[in-house]
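Features as listed in TrEMBL:
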BINDING   Arg26, Glu86, Lys125, Lys456  (6S)-5-formyl-5,6,7,8-tetrahydrofolate binding site
DOMAIN    221-378  domain 'TrmE-type G'
BINDING   231-236, 250-256, 275-278  GTP binding site
BINDING   Asn231, Ser250, Ile252, Thr255  K(+) binding site
BINDING   Ser235, Thr256  Mg(2+) binding site
Amino acid sequence: MYYQHAEDTIAAPATPQGMGAIAVIRVSGSQALSIVNRLFPTKDLTQVPSHTLHVGKIIWKNQWLDEVVVSVFKAPRSYTGEDVVEISSHGSPVIVQRILQALTEAGARMALPGEFTLRSFLHGKMDLTQAEAVADLIAAESEAAVQNALRHIRGGFSAELQQLRNQLLQFASLIELELDFSEEDVEFADRQALKQLLNAIDQRVQQLLQSYTWGNVVKHGFQVVIAGKPNVGKSTLLNALLNENRAIVSDIPGTTRDTVEELIQLNGLLFRLIDTAGLRVSEDVVEQIGVARTHEKILQADMILYLFDITQITQSEWEQALTWLQELRKPYLILLNKTDLSSTLPKFVKPNQQIMLISAQQRLHLQELKDRLVEMAQQSRVQGEGSIITNARHYAALQKVKQGIQDIYLGLEQHISSDLLANDIRKCLHDLGEITGEVTTEDILDYIFSHFCIGK
């Protein structure tokens, strides 16, 4: 789909829809300068230097549409590698639409989602991992997600993959040379050195694969379910952590009928806090649905905060909840709430690191709770410097690379022929190339760039 009209000049708004002080309309392609020239009589944009700004009027069919600032970026020194013009207009949606209509009538077509970044990839301005990082940066909801996306855009992950690929290529060339001299039965590639290299690559690929769990936390947030029986202070705790009255709080049991999800940043990490319906048996059909959704969210959670009312807790409830939490095999904290009313720990409760005393109403020990949330979220963090994988496509490709490395190593152990060994190395190189886009298909590109926003 994207390749069919790759030579067209495209246009799209680069700013979100809606009113604003300004809007930016981006035009890219071989005819970008001449098309905008037809609307912008102030200067001949084909004659101005690249990276310059020009103030003037947009006029189409003898009608003044707006006074704008036009930015000119000439190929190849532009985002797409083509001639690019950006028109900064007033932010009225009506003005934006009129300018876009004039551009299309002058010879441009409306861009598809992600088409500007696709052209940047096709013109060698960035590889596929960097292009995907652009989408991640736009969608980033936390400081950690922003920083990780920027690292990928700067090419840190790409450089690491290229280094692994170059090391394998060196051996691949020696193996291929052996094939040219197969009748002489000589070995140009040191098999022992190749084994050592494979071990090093396998170790690094494994580290990247292990970083995917932490990468999901960075990209999508750490999902924390607040659970417990009715009226233990779950909604009050959510409001206290958010520092706003988001959830309805009432003394009437069963007030929360559905899950309430809110986002909060702690130490640059995104947390998805989910307030849930109280866990109990109820004859109310609506409340039953809410309890069922609570169980669904618990199964999806990265962590559970289980609340008790310290003034009403019983030994049977405690033992039942403790057994249930341990069977879930998920990280959890037990919060004994309402310590402003009673701070005496029941005799059957044995203090440990998974138990905290708080008062959501009085906001007691909430900072300690936030610190524990960050600490538990970071348990999946891979030690050391290096790239963090946040993309499912990268993860799947790296799994194939790891299997390929193991196949090559096994082949060396079994002393397979050079042609079979070369075939295994080529396959591994192909899998590495898929990640950066050195090896790709139109279907893969269509899938990746169709998830971008229009104008990027």
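Note: Cβ is positioned from N, Cα and C throughout, glycine not excepted.
Keep in mind that TrEMBL annotations are predicted by a computer and have not been checked by a curator.
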All-chain count of other Cβ atoms within 10 Å of Asn231 (GTP binding site): 21
Diameter of the (6S)-5-formyl-5,6,7,8-tetrahydrofolate binding set by C-alpha atoms, the set being Arg26, Glu86, Lys125, Lys456, in angstrom: 18
For Asn231 (GTP binding site), the three-state class that DSSP assigns: coil
Spatial neighbours, same chain, of Lys456 ((6S)-5-formyl-5,6,7,8-tetrahydrofolate binding site) - Cβ under 8 Å, 6+ residues apart: Ala14, Gly114, Phe116, Thr117, Val134, Ala135, Ile138
List of residues, in chain order, with Cβ under 8 A from that of Arg26 ((6S)-5-formyl-5,6,7,8-tetrahydrofolate binding site) and at least 6 apart: Ala11, Ala12, Pro13, Ala14, Val84, Val85, Glu86, Ala111, Phe116, Gly455
